[in-house]
Amino acid sequence: MKFELDTTDGRARRGRLVFDRGIVETPAFMPVGTYGTVKGMTPEEVEATGAQIILGNTFHLWLRPGQEIMKLHGDLHDFMQWKGPILTDSGGFQVFSLGDIRKITEQGVHFRNPINGDPIFLDPEKSMEIQYDLGSDIVMIFDECTPYPADWDYAKRSMEMSLRWAKRSRDRFDSLGNKNALFGIIQGSVYEDLRDISVKGLVEIGFDGYAVGGLAVGEPKADMHRILEHVCPQIPADKPRYLMGVGKPEDLVEGVRRGIDMFDCVMPTRNARNGHLFVTDGVVKIRNAKHKSDTSPLDAECDCYTCRNYSRAYLHHLDRCNEILGARLNTIHNLRYYQRLMAGLRKAIEEGKLESFVTEFYQRQGRPVPPLNVD
């Protein structure tokens, strides 16, 4: 992987990630395909929304179908028939999200398999091996996503262990002869001094890109913005910056304003299945009765398959009848909305008009522009 940086506007960056499997224009949003599928979508449909890279989940694909089944097909690309690049998380987030069935030790994490209850163990070395078999174009180090709230002492211990795991991840990645990209993950909760130590330690180890982890886990938005404003300038300018698990459309906008290049989140797909749809002027809850006889498109400014062909009334009908097609059409729209948002941000950065774009984005939704505390 090669990262090319074209231009900046304030702290926002316009560039691209170059892979053997294709080019990803940045800032980029990556749809989440946890089990080897972006829920309800074929790879061709995902690509048609404008997505150039997707995300897979190491932990869940390890449990089912498992490494051996994956290797029978070649790798995850061959298994799911996605031709573009794939980023896989390391399983570290499951350390956070499956907290009631796990035990963290220096060596790794002991889990109860959420499928059948069997005891299992995952460590940095195993995570690197699984991601190697998946053929991931971007491999993430194995870390602990520090929960929120966490006091300073716990956050320090967690961050320091994640640094040690980062070195073990790097060593195993290299010993496998993996020629793809490996990203480090910056931890330290909401504490700037701990984030400083984490960035410095990861840069000393050396990675192809750097993710900001441990945000969007319940902390106030002001803390997320503050940490991004503090951390991003410390990340080497020639490396991509990835904000993990984020987020709402406004979170993408605020991340880009502060120098983030990559995002992922289940929100557009999960919300679509629940009838919560993103449009230029905010949000449409298609389940509401007021849409029952509305013959207008979901978003008159959207060029997606759903908006070009179907009315709000039809989408409301499908949702009320619990039809699978409704979830699919909603997902197509939400994914396209996110990709259109990213394309708009990229164009605004190219033209040096990012703050004008941001102002219009919030004005259309009747909301104030959040303050930006950067030099």
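The count begins at 1 with the first shown residue.
Glycine too: its Cβ is placed from the backbone N, Cα and C atoms.
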What does Swiss-Prot list, out of Asp137, Asp143, Asp261, as binding the same substrate as Asp89, Ser90, Gly91, Gly92, Phe93, Gln187, Gly214?
Asp143
Co-listed Zn(2+)-binding residue [Swiss-Prot; alongside Cys302, Cys304, Cys307] among His225, His230, His276, His333:
His333
Which residue range, 114-118, 269-273, 289-293, is the one Swiss-Prot calls region 'RNA binding'?
269-273
From the ranges 7-13, 105-111, 217-223, 245-251, pick the one that Swiss-Prot records as region 'RNA binding'.
245-251
Do me a favour and check the Cα-Cα span between Gly214 (substrate binding site) and Asp264 (active site, nucleophile); whole Å is fine.
14
Please report the Cα separation of Gln187 (substrate binding site) and His333 (Zn(2+) binding site) in Å, rounded to an integer.
33
Quick check for the class: what is the C-alpha distance, in angstrom and rounded, between Asp89 (substrate binding site) and Cys304 (Zn(2+) binding site)?
29
Near Asp264 (active site, nucleophile), which residues of its own chain have a C-beta under 8 A away, given they sit six or more steps off in sequence?
Phe29, Met30, Pro31, Val32, Leu55, Leu87, Tyr242, Met244, Gly245, Val246
Measuring Cα to Cα, how many Å separate Phe93 (substrate binding site) from Cys304 (Zn(2+) binding site)?
32
Can you grab the distance from Cys302 (Zn(2+) binding site) over to Gly91 (substrate binding site)? Cα atoms, rounded to a whole Å.
35
In whole Å, how far is Asp143 (substrate binding site) from Cys307 (Zn(2+) binding site) when you measure between their Cα atoms?
41
